[in-house]
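I have placed the structure first, in the form of structure tokens, so that the comments after it can refer back to it.
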Amino acid sequence: MGATILPDLGAEILIPFCAVVGIVFSLLQWVYVSRVQLSPARDSNSNSAAKNGYNDYLIEEEEGVNDTNVVQKCAEIQNAISEGATSFLYTEYKYVGAFMVAFAVLIFVFLGSVEGFSTSSHTCAYDETKICKPALATAIFSTISFLLGAITSVVSGFLGMKIATYANARTTLEARKGVGKAFIVAFRSGAVMGFLLAANGLLVLYIVILVFKMYYGEDWGGLFESITGYGLGGSSMALFGRVGGGIYTKAADVGADLVGKVERNIPEDDPRNPAVIADNVGDNVGDIAGMGSDLFGSYAESSCAALVVASISSFGINHELTAMLYPLIVSSIGIIVCLITTLFATDFFEIKAVKEIEPALKKQLIISTVLMTIGVAIVTWISVPSSFTIFNFGTQKVVKNWQLFLCVCVGLWAGLIIGFVTEYYTSNAYSPVQDVADSCRTGAATNIIFGLALGYKSVIIPIFAIAVSIFVSFSFAAMYGIAVAALGMLSTIATGLAIDAYGPISDNAGGIAEMAGMSHRIRERTDALDAAGNTTAAIGKGFAIGSAALVSLALFGAFVSRAGIATVDVLTPKVFIGLIVGAMLPYWFSAMTMKSVGSAALKMVEEVRRQFNTIPGLMEGTAKPDYATCVKISTDASIKEMIPPGALVMLTPLIVGIFFGVETLSGVLAGSLVSGVQIAISASNTGGAWDNAKKYIEAGASEHARTLGPKGSDPHKAAVIGDTVGDPLKDTSGPSLNILIKLMAVESLVFAPFFATHGGLLFKL
């Protein structure tokens with residue numbers, strides 16, 4: 001089979017080295033962001049300081065607003081947002097922590113019972129000549145890796161939220177110096193989150209493998225089977241983070257928009273609106289903490305899927321460590337590539353005008369993809385033998401290293417295509433969104449019809465891209481090919497997350513500018529940053545959904561191998577009923593999440609109306625609204641409402657596996673994958689298009705947009721209604737669906753030995 005050029009020691013040094021570089025780089029970006037002062041103290045010796053270059057660049061743009069007051073106000077608002085987000089996440093994690101412990105016990109009991117909690121070793125399933133560790137060991141180590149994955153996921157989300165709430169007001173203050181300065185602060189803070197998450201995920205996974213290896217020794221099949229718990233932990237936390245955060249943010253957003261903009265005709269983020277703090281808190285807990293945990297889950301699962309398949313292939317059987325760690329080496333190089341890419345946005349080129357923002361973010365995607373292609377070529381050449389075999393449903397398939405390189409590249413470039421198609425359908429620079437905006441002339445109904453049509457149409461090209469990448473990667477390297485294609489799509493995760501987290505930070509910055517009463521010119525700058533951020537958030541969701549499709553297919557393949565199913569025959573009734581039920585699950589799940597947002601928004605609307613009607617002087621701006629009550633409504637609603645959708649996803653594989661067996665479960669997984677991807681893409685893009693159609697009318701940047709505006713006109717009100725309908729689609733149901741697809745697959749994989757031994761009770765009667 002041939003040895004690898006990179007020795008085992010080289011791989012053992014390279015992976016932690018790249019992870020540490022990523023962590024150091026993110027801390028360096030954080031230091032840069034923290035240099036923006038939030039205390040007006042430096043201003044104390046008035047005019048003498050002004051001449052020393054502190055105040056002169058503000059060009060007196062505040063138009064009579066005292067500078068010290070503005071900085072102080074920004075600091076206060078930032079504090080309120082940060083406190084709200086922190087207290088919500090603490091509450092959420094309390095509930096999620098209890099679930100985590102209960103589920104860990106379940107993993108231990110189910111997997112331990114496969115061999116009746118026996119502690120004696122047995123012959124390996126894939127190689128009769130070798131002795132493997134007992135199932136009890138798999139149970140213990142799977143439980144440990146589940147808890148580690150869950151904790152890493154929670155920490156990733158929490159750190160992301162902390163960084164975003166730290167940077168939002170700093171972005172607002174930098175906007176006084178120009179749009180370029182504000183862009184750099186927002187982008188650097190996004191990079192802090194992106195690199196911390198990518199590096200932490202890689203480092204923890206690598207350490208877990210090393211520690212488990214001490215016990216497992218030669219039994220690599222058992223070792224990597226127990227590692228799958230890491231992916232399960234990561235994704236189960238992401239599910240609650242995404243659903244809980246999504247319900248929180250959209251209840252506040254819908255409530256604030258409907259009463260504030262449509263009924264009271266006050267601008268977005270107006271400090272008189274009681275739901276405005278809850279809305280800004282929501283951006284951080286939903287779009288940042290939720291997105292962070294979600295992409296971490298995808299990354300952990302695609303690594304686990306690739307490792308499981310490789311452990312029963314020639315890499316695992318011959319104990320070739322460097323080749324075995326290939327998925328981690330790809331991710332390590334990804335961190336270095338993203339680091340170089342980030343410098344293009346922050347150091348090599350400076351943004352001087354509003355129109356340069358979106359191209360700069362798009363260049364990030366292109367540069368990282370091109371550099372990563374070169375990186376993958378080098379890594380594949382040095383760390384994989386020129387020829388090897390991959391386990392392919394009972395047979396060993398011979399694969400060449402250049403074929404493996406193509407598998408990773410197909411995923412990498414499919415991600416870029418999905419990103420650009422998403423951008424085309426959701427950015428107001430192109431005709432699809434402009435058509436949606438134009439349809440607002442005749443009211444909200446035509447706006448909704450156009451928006452839905454756009455969402456359905458936007459599914460076509462991404463699905464072809466996913467289909468091509470599945471066909472190519474499976475033809476070359478079976479299920480391992482699909483797993484590394486998913487890793488290819490996620491290899492530039494640090495850059496993807498940086499441009500994704502940039503959006504909510506800019507959104508918050510605009511809110512803070514409005515609440516602090518800064519001049520309209522500053523609000524225009526933050527709005528420009530935010531509109532670009534909206535599109536990049538849609539691109540991020542496209543990546544998350546595309547990678548989820550590939551990841552769950554790879555996990556599905558690993559599950560079928562683990563459960564010992566020779567073929568999945570759609571024509572057998574057992575499998576077909578699973579297919580139909582599986583295809584229904586995303587609809588059931590979406591119904592739950594949409595209804596949750598609706599009922600929470602209902603309470604919010606009533607509360608905001610009550611405050612406007614009963615607090616004297618609120619509309620005049622002489623009295624302060626009661627922000628805390630609105631924050632509490634969002635928190636209570638999201639905690640209560642995230643449990644049923646979460647339970648649906650977590651319990652379905654268990655119930656199907658135990659009562660109907662592995663064949664039916666394989667049908668359920670395939671069905672949910674096929675229908676979930678379509679709904680997720682269309683929901684995210686429909687919502688994104690409605691949001692940007694509204695922003696297109698508000699900005700009034702073109703002749704066409706000015707005929708539809710200004711704010712408060714009938715077309716604008718129709719656009720606001722479309723945006724409000726799209727909110728739960730793009731920020732709650734759509735993004736949570738990709739977790740549903742992955743989570744059910746990884747959970748089935750973890751419990752596969754139990755289902756294969758004890759499952760299918762109803763068919764045994």
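Yeah, the Cβs are placed from backbone N, Cα and C, and that goes for glycine too.
Automatic prediction, not curation, is the source of TrEMBL annotations.
What TrEMBL says about this protein:
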TRANSMEM  13-33  transmembrane segment
TRANSMEM  95-114  transmembrane segment
TRANSMEM  134-161  transmembrane segment
TRANSMEM  182-212  transmembrane segment
TRANSMEM  324-345  transmembrane segment
TRANSMEM  365-382  transmembrane segment
TRANSMEM  402-426  transmembrane segment
TRANSMEM  447-472  transmembrane segment
TRANSMEM  478-499  transmembrane segment
TRANSMEM  543-565  transmembrane segment
TRANSMEM  571-589  transmembrane segment
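Within the chain carrying the transmembrane segment (95-114), a Cβ under 8 angstroms from the stretch's Cβ atoms is held by residues 135-136, 138-140, 142-143, 146-147, 150, 154, 229, 232-233, 236-237, 240-241, 639, 643, 646, 650, 750-751, 753-754, 757-758, all 6 or more beyond its ends. Using the rule of three or more Cβ pairs under 8 Å, pairs at least 6 apart in sequence, the transmembrane segment (447-472) is not in contact with the transmembrane segment (365-382). For the transmembrane segment (478-499), the list of distant contacts is 22, 187, 190-191, 193-195, 197-199, 291-292, 295, 298-299, 302-303, 305-306, 309-310, 313, 326-327, 330-331, 333-335, 337-339, 341-342, 361, 364-365, 368-369, 372, 376, 390-393, 397, 399, 403-404, 407-412, 414-415, 469-470, 472, 536, 539-540, 543, 546-547, 550-551, 553-554, 557-558, 561: same-chain residues at least six beyond its ends, Cβ to Cβ under 8 Å.
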